[in-house]
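What TrEMBL lists as active site, proton acceptor is D248. Residues annotated as active site, proton donor in TrEMBL: K270. The annotation NAD(+) binding site is assigned in TrEMBL to E22, V23, P43, D44. Taken from TrEMBL, the feature S-adenosyl-L-methionine binding site covers P225, G301, G302, D303, M383, A412. Taken from TrEMBL, the feature domain 'Sirohaem synthase dimerisation' covers 151-207. Annotated domain 'Tetrapyrrole methylase' per TrEMBL: 218-427, in sequence order.
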Amino acid sequence: MDYFPIFLDLRGAPCLVVGGGEVALRKVRLLLAAGARLTVVAPDVVPELAALVEEGACAHLCQPFADALVSGQRLVVAATNLREVNHTVSEAAQTAGIPVNVVDDPALSTYITPAIIDRSPLVIAVSTGGGVPVLARLVRARLESLIPAGFGRLARFAARFRDVVKARFADVEARRMFWESVLEGPLAEDVMAGNEQRAETAFLERLASASDRPEGAVYLVGAGPGNPDLLTFRALRLMQQSDVVLYDRLVAPELLELVRRDAERIDVGKARAKHTLPQEDINALMVRLAQEGKRVLRLKGGDPFTFGRGGEEIETLAAHRIPFEVVPGITSASGAAAYAGIPLTHRDHAQSVVFVTGHRKDGVLDLDWPALTRPGQTVVVYMGLAMAAELCEAFVTHGKPATTPAAVVEWATTERQRTVTGTLATLPGLIARHGVASPALIIVGEVVGLAEKLAWYRPAADDA
Ligand code: SAH
């Protein structure tokens, strides 16, 4: 973090703006909106600024800048178009230990002004560290469209009840959950729509009946194949509401970034053959956390019900009567197929698709070969990389032509995605040659031949 964001209370605080042009005017308006006691110093001011001075909104010193003017100021802004002057202002302020911003010049500034979304008392500040103000403005534009204008009203409504709610819930968690349920529900819609009276009645009823102890729950959420854009809205919302997250090795760091900042994170990662936590311990941990009243996010790669042991995890929860919810995710086979340009079914090439997992029993691959080698079918193998050679060979032994197209997709949908295509005969050699590593999926079938034409996603890593 290059800059530390804070919100300053400037009500009644003496602040100085140096400059009298359009840029200065913008800063003046902003500081006045925050209630600053403002002095503008400039030999000349634009008419709108003169009008503000006239109204008594701020004072005007009609003179060039002098170092002594910074003394006693809480904040100083240099907004002249003379670099020389801006420099002098910056130095004077810094010598006096006063935060100073030189407009559009981060090097001379000790603080920068963010792009602001104002739904007072809700205020959102966006910054790119002064480097790319245009990007900050783009983000602001998006947030503006995302956050209903009524949010300001909602924030004021909630602020009115802050103390009552605080007194009602001794437990911080219970209080937070109460607020979340209020701010996300129909009551909030009422407030934003202006039906404050009705909302207030509902609010007070709710406050009276709310439970003192937070009720725990577990959300079994599919995080998709790795690209954060492929999360569902539901997944994202639960990620931002949970108190503790239990995640797997397959869940990318970019995804964890989206989990609520202060949520506790527990890595229960399961690398093949290196179980960090045995499944029973994970189940027991979820039960314990939920019984403590926590909202537990069990975040899994891909889809929780596709080779994710999601079923086993919720069986335990059901047995303990813990409320739970399952959120589907894009399974890696779908992600890999889409991002590698391999349609899993196709009128001309594949009328069915089978997802299997490479599985050994007594040292040999234990799969239903007659079913897997049917013509007109695509087979996707999860967790099969380590036994790719055996797999490809078995396909051939059980009757698939050695020329059947086959591919391996590594880190599908992410910036690290690589696709290697060949045939059942050549794939194992190609995997070794390119050093393909987990996570990877093997796809076998005529449809793999389409990748050459249909692949559209070209991340840097894919030089294979
Ligand atoms: N529930 C997950 C699968 C878990 S099993 C899902 O629905 O996708 C773990 C296996 O999934 C890995 O061994 C690998 O075969 C596959 N996998 C998961 N993410 C992947 C990715 N981004 N690219 C390729 N394969 C992936």
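Just so you know, glycine gets a Cβ as well, placed from its N, Cα and C.
TrEMBL feature annotations superimposed on the structure.
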{"residue": "V23", "record": "NAD(+) binding site", "CB count, 10 Å": "18"}
{"residue": "P43", "record": "NAD(+) binding site", "CB count, 10 Å": "10"}
{"residue": "D44", "record": "NAD(+) binding site", "CB count, 10 Å": "10"}
{"residue": "P225", "record": "S-adenosyl-L-methionine binding site", "CB count, 10 Å": "29"}
{"residue": "D248", "record": "active site, proton acceptor", "CB count, 10 Å": "20"}
{"residue": "G301", "record": "S-adenosyl-L-methionine binding site", "CB count, 10 Å": "25"}
{"residue": "G302", "record": "S-adenosyl-L-methionine binding site", "CB count, 10 Å": "29"}
{"residue": "D303", "record": "S-adenosyl-L-methionine binding site", "CB count, 10 Å": "24"}
{"residue": "M383", "record": "S-adenosyl-L-methionine binding site", "CB count, 10 Å": "17"}
{"residue": "A412", "record": "S-adenosyl-L-methionine binding site", "CB count, 10 Å": "27"}
Greatest inter-residue Cα distance in Å for the S-adenosyl-L-methionine-binding set P225, G301, G302, D303, M383, A412: 14
E22 (NAD(+) binding site) and P225 (S-adenosyl-L-methionine binding site), distance between Cα atoms, whole Å: 49
Among D248, G302, D303, M383, A412, which are recorded as recorded positions, the nearest neighbour of D44 (NAD(+) binding site) by Cα: A412
Residue counts (helix, strand, coil, in that order) that DSSP gives for the domain 'Sirohaem synthase dimerisation' (151-207): 49 helix, 0 strand, 8 coil
Length of the line joining the Cα atoms of E22 (NAD(+) binding site) and G301 (S-adenosyl-L-methionine binding site), in Å: 52
Of E22, P43, G302, binding-site residues neighbouring ligand 1, Cβ under 6 A: G302
Cβ-centroid neighbourhood (8 Å) of the S-adenosyl-L-methionine site, P225, G301, G302, D303, M383, A412 excluded: G224, G226, L250, T306, F307, G329, I330, T331, S332, A333, G335, Y382, P439, L441
10 Å Cα neighbourhood of A412 (S-adenosyl-L-methionine binding site): matching recorded positions from V23, P43, D248: none
Protein Cβ atoms within 10 Å of E22 (NAD(+) binding site), excluding its own: 12
Neighbours of E22, V23, P43, D44 excl. site residues, C-beta within 8 Å of centre, NAD(+): G19, G20, G21, A24, L25, A42, V45, V46, L49, A79, T80, N81
Pairwise CA distance, P43 (NAD(+) binding site) versus M383 (S-adenosyl-L-methionine binding site), rounded so that it is a whole Å: 73
For G301 (S-adenosyl-L-methionine binding site), the three-state class that DSSP assigns: coil
Largest separation between Cα atoms (Å) of residues that the record links to NAD(+), namely E22, V23, P43, D44: 15
Average pLDDT across the domain 'Sirohaem synthase dimerisation' (151-207), rounded to a whole number: 89
Cα distance (Å, whole number) from V23 (NAD(+) binding site) to G302 (S-adenosyl-L-methionine binding site): 50
Three-class DSSP secondary structure - M383 (S-adenosyl-L-methionine binding site): coil
